[in-house]
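Structure first, then comments.
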Amino acid sequence: MVDKRQLLGMTLEELKGVASEVGLPAYAAKQMADWIYKKKITRISEMTNIAVAKRALLEDSFEIGAYPPSEYQKSKDGTIKYLYAAGPGRFVESVYIPTDDRATLCVSSQVGCKMNCLFCMTGKQGFTANLTANQILNQIQSLPENDSLTNIVFMGMGEPLDNVDELFKVLEILTAPYGYAWSPKRITVSTIGVTKGLKRFLEESECHLAVSLHSPYPMERLSLMPVEKAFPAREVIDLIKQYDFSHQRRVSFEYIVFKNLNDSLKHAEALSCLLGGIPCRVNLIRFHAIPNVSLETSDIAKMEAFRDFLNAKGVVCTIRASRGEDIFAACGMLSTAKNVTFV
């Protein structure tokens, strides 16, 4: 049996290639895109404006490639964590986060992660594979709450800019008129600062950027994030300063606050100096305890003092509300290591 190729995750140019393969005119690519991304069909047979014989040819080699989540967990705060298969013995998690005025989906880009951040369960899992554009988009398209989505954040499992080619295909489909036609303002890509991918993102994308920072001091950041050695925060920030964030595109810096480690006003002062000249936001995030890691979260009074100091210095700073901690869906808690036995 020949493995079929998935149409979900193909760009318009790729769909033109599919049309050519089965003897359809080039304009049929737009018809297929409408069916896949706007009508969200799950079977090629539903493409009723394409001739039956041509649909049969398509079905010989292709499938839509949309598949429902394998399981889910719902938090007491309404957050829902979904598990998706991503190949034999491989799984990823995504998180649906509804609030009063928006509904955000936190999407994964890799099975596991190479970055091995001290505070992150995904990093403890290690890296298995990059997700394909199909596997990334399926988390969005097959979400039961898809119609309610207002925002997408690439802050799930993996480092998005370490899977940059598939990421850019997904961003194109999400924002292009032939695809979802979303505004880039509704999409945020998070990164630890993979330089090559970041440069491409800054040059080619209008989506928002979030940078995992967590300390203004190189050696301290290195103790938390081994990637500081390859991608120093100072170099990442110097690169960002070369681009314009004064209009619709935003940059934010993510800062998990650890007790007696990076929560002092000295840190806040150093952070304000490091970020000087960038119109940005700092998001303070409570550390969510994970197994075999001795770090603790800072107390709320210290976080509020840190926030107030930065705001007084002209750096917009907020404390992000934690969601889904009781189901291990909060920041730094995603992991599918436990699922690999269920093949």
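Positions of Cβ are set from backbone N, Cα and C atoms, glycine also.
Summarising the annotation, Swiss-Prot assigns active site, proton acceptor to Glu93. Annotation comment: Swiss-Prot describes 99-320 as domain 'Radical SAM core'. Here Swiss-Prot flags Cys106-Cys331 as disulfide bond, drawing on sequence analysis. Under the heading [4Fe-4S] cluster binding site, Swiss-Prot lists Cys113, Cys117, Cys120, citing sequence analysis as support. What Swiss-Prot lists as S-adenosyl-L-methionine binding site is Gly158, Glu159, Ser190, Ser212, Leu213, His214, His288, and the listing cites sequence analysis. The active site, S-methylcysteine intermediate annotation in Swiss-Prot covers Cys331.
Mapped onto this structure are the features recorded in Swiss-Prot.
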residue	record	CB count, 10 Å
Glu93	active site, proton acceptor	26
Cys113	[4Fe-4S] cluster binding site	26
Cys117	[4Fe-4S] cluster binding site	20
Cys120	[4Fe-4S] cluster binding site	24
Gly158	S-adenosyl-L-methionine binding site	29
Glu159	S-adenosyl-L-methionine binding site	27
Ser190	S-adenosyl-L-methionine binding site	20
Ser212	S-adenosyl-L-methionine binding site	26
Leu213	S-adenosyl-L-methionine binding site	25
His288	S-adenosyl-L-methionine binding site	19
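Neighbours of His288 (S-adenosyl-L-methionine binding site) among the recorded positions Cys106, Cys113, Cys120, defined as a Cα within 10 Å of its Cα, are Cys120. When the disulfide-bonded residues Cys106, Cys331 are compared by the number of other CB atoms within 10 angstroms of each CB, Cys331 has the fewest. Here the binding residues for S-adenosyl-L-methionine are Gly158, Glu159, Ser190, Ser212, Leu213, His214, His288. Their largest Cα to Cα distance works out to 19 Å.
Among the recorded positions Glu93, Cys113, Cys117, Gly158, Ser212, Leu213, the ones whose Cα sits within 10 Å of the Cα of Cys106 (disulfide bond) are Glu93. Note on His214 (S-adenosyl-L-methionine binding site): other Cβ atoms within 10 Å of its Cβ, all shown chains, come to 25. DSSP gives Ser212 (S-adenosyl-L-methionine binding site) a strand state.
Each residue contributes its Cα atom, and for Cys331 (disulfide bond) and Cys120 ([4Fe-4S] cluster binding site) those atoms are 8 Å apart. In sequence order, Met115, Asn116, Phe119, Met121, Thr122, Gly123, Lys124, Gly332 are the same-chain residues whose CB sits within 8 A of the CB centroid of Cys113, Cys117, Cys120, the residues recorded for [4Fe-4S] cluster being left out.
Considering only the recorded positions Glu93, Cys113, Cys120, Glu159 (S-adenosyl-L-methionine binding site) has Cys113 as its nearest partner by CA-CA distance. Nearest Cα neighbour of Leu213 (S-adenosyl-L-methionine binding site) among the listed recorded positions (Glu93, Cys113, Cys117, Cys120): Cys117. A Cα-Cα distance of 20 Å separates Ser212 (S-adenosyl-L-methionine binding site) from Glu93 (active site, proton acceptor).
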